[in-house]
Amino acid sequence: SNSAVNFFSFDGFWFFFFLGKVEAALDLILINSFPLVGNSETSLICVTSKWRSRDSIMIGRDQEDVANQHREPLEVNEDSKRAAAKTVVWKREQASETIGAYYCEGKLKDEVTRIHTMKMPLGASFHPVALTVTANKGEHVNISFIRMASKEEDAVIYKNGSFIHSVPRHEVPGELEVSYPQVQPQDAGVYSARYIGGNLFTSAYTRLIVRRCEAEKWGPSCSFHCPSCTNNGICHEDTGECICPPGFMGKTCEKACGANTFGKTCEETCKENYGCRNFMFCLPDPYGCSCAAGWMGLECDKECKPGFYGSDCKLKCNCHNRGTCDRFKGCICSFGWHGLQCEKKGSADLSPQIVNLLDPVELNSGVEFKPFCIATGMPLPKSEDFKLLKQDGTVLRPDEISTSNRSEAMFRINRILPGDTGTWVCSVQTVAGMAEKPFKVTVKVPPVPQYAPRLTDRGHNFLIIDINAELHNGDGPVVSTKLLYKPAKHYQSWMSVEVKGTTKRLDNLEPKTEYQFCVQLSRQGEGGEGHPGPQASFTTAALGLPPPEGITLFPKSMTSLNLSWHPLTLRTEDDIRVEVERKSVNDNGDESSVITQVPGNMSTLIIKDLEPRQQYMCRVRVNTRSQGEWSNYLYAWTFSDRIPPAPNNIRFSNTTDTSSVISWTAAEGHSISSIIISYKIYGKAEYNHIDIIIKNTSITQYHLKGLEPDTVYQVQINAQNNIGLSNPNTSFELKTLPETKAPYESKGGKMLLIAILGSAGMTCVTILLAFLIMLQLKRANFQRRMAQAFQNV
């Protein structure tokens, strides 16, 4: 807020005061210990609400030295005794540096609140009656200075550094006064008194504060009535609120808090051993400065006289109904009575208490926020008693309120933003007192990817998308990732799919179609979905050609394979390429696929630089402008670089007197070209044997025939590959069964012959009968035709 600036000077020192507007949401107090500086330590303490940052307050000088007098910078420190306070301490030996005017400044939102005070020498020739004097517009006011030392000099009085009055030396009274029968706002300022030969260190100061409204009025035009501010509370002309003296609180300052307490909610205490003695409390204008409740005097070192109480002991107890007077609280009522003078019958009012406040609160930016302030008390708080203070000092009023045995006020913030992060305060003030409770509000920004998604692979009906959302703006943690997509040239709404991992395959897409993609991230809570990230466009491949026909894959050498296919017969103007992919079957994913491109007029490819005795898998496709369809994988081994092991697991089955079935198992991957079976009759002097070579190594058994009955054979089986024959394995014994005789074979032969002859005879009889029948039919037909011919003649 803009502030008027008032200056006064004396002996080369210029003093200026910023008379600023108070921010009702800011609780700011300046404590001036020992305003009259003598031989004791003195200090200034600037105190704000405990949930405010110490960085929001500062202490400074209201004095500039134009006479080039050296002034040390103020040494401002944090007050360790209080949550949010700063202090300046001067030792006894620094008394000469202490004299002057100071301010405590608090910043909240765009408002700056300054509280002013002064320190003057204890040995000054005059002392002011009070450090500040507050008056309403049009009132009669006296500004008084008490003479502390007599001198044969004229007394002079200045206002804001300008001479206004003098008193001849022989007429200087014991109390020097400046009177205003009807004081006006322009009369406000800093008044000083001294002898004409004095200087800064012998001058006394007081500040006149004039409310711009008449008594009990406030508002821009002073047309509103002030509340009845009790216990010497002052009505603020801009807000209509009562500024309560230290030690009192509530809407009308009726609630007394007790000894050594201060602040809007009386939660602050004087933590020093001597309590609030010697502490002058200065509050925002138009209050000014006063002692705490129970103390009076310019140094607040005198207790109230019996029957008096309150700040500066200006209030008189008139207690009824056996009430007693306490210098801090006023009337202490007996049971069943309450009120300022114990004039009200019944139970005493109860200060409001805030309950069940949710703390902390985490929200996502942009959502509606509806916090609740719930309070108890007697009387129950009404809607106008509640305030919600945002972190920047903005004051919100309830949107709804409900009451039963407690009051529940609901506030509404239509759209919460990250700038709203900070400490919020629920505030309740009734005639019975005031309560404030802070709570933390954190507004998170939903995450948004920094980069667009990327294409990993594509086909005519699918795209594989890399989400590429590891880096994002906004706040995490990310609890959900969605991939949004739609055809680029169609007016379709966005489709979405949940993504688990870093890539997503989208199937069933249209060939040769451009799609738009973006990624949307979400964090927990309502409104946690972030805006979609940057977009990217990818196009599916055109519908590809089928793979070549007649694909074969077979070994050529220990380090190469021969891949062939039928020549292509396509008629197209596009460049045709045949793409071959090969990789080792046993690479366990360590070796990536090797891609080879060859012209479309080729039909053979020698795949080189392979490992011996390894199985490889290959597939082929035909590419033009678009990629073709892959063939199925073909598998083949390269030739071995060592002789093969002999077949194992040799077994004999279905053995008869002349034959037996032999089976075996051959090791894979040794390029075995043939299996050699050798056998001979066991025990013969000569090693006569027969070799049987089986070229087809996929055959794993062989039927040995022509064996002799009831004979033991010695059988060996070997494998051969491109290197040579396997080492001989153990010989296996095979014994045929004894010869089987058929005793009924001759009888069976005769029966077979009889059956054949019988069948042939029956066939002949059937043919003969058919011939005779046909002959008889022709004869009858001839006779009928002849009879018709004679009849016609």
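Each residue's number is its place along the chain shown, starting with 1.
Quick reminder: no glycine exception, Cβ is built from N, Cα and C everywhere.
Please treat TrEMBL annotations as automatic predictions, because they have not gone through curation.
Each of C244, C266 is a candidate, yet TrEMBL gives the disulfide link of C253 to C244.
Highest local Cβ density among the disulfide-bonded residues C244, C253 belongs to C244, counted as other Cβ atoms within 10 Å over all protein chains shown. When averaged over the domain 'EGF-like' (218-254), pLDDT in the model lands at 93.
Residue counts for the domain 'EGF-like' (218-254) under DSSP, helix first, then strand, then coil, are 0 helix, 9 strand, 28 coil. Long-range neighbours of the transmembrane segment (751-775) within the same chain, counting only residues 6 or more positions beyond its ends whose Cβ lies under 8 Å from a Cβ of the stretch, are absent.
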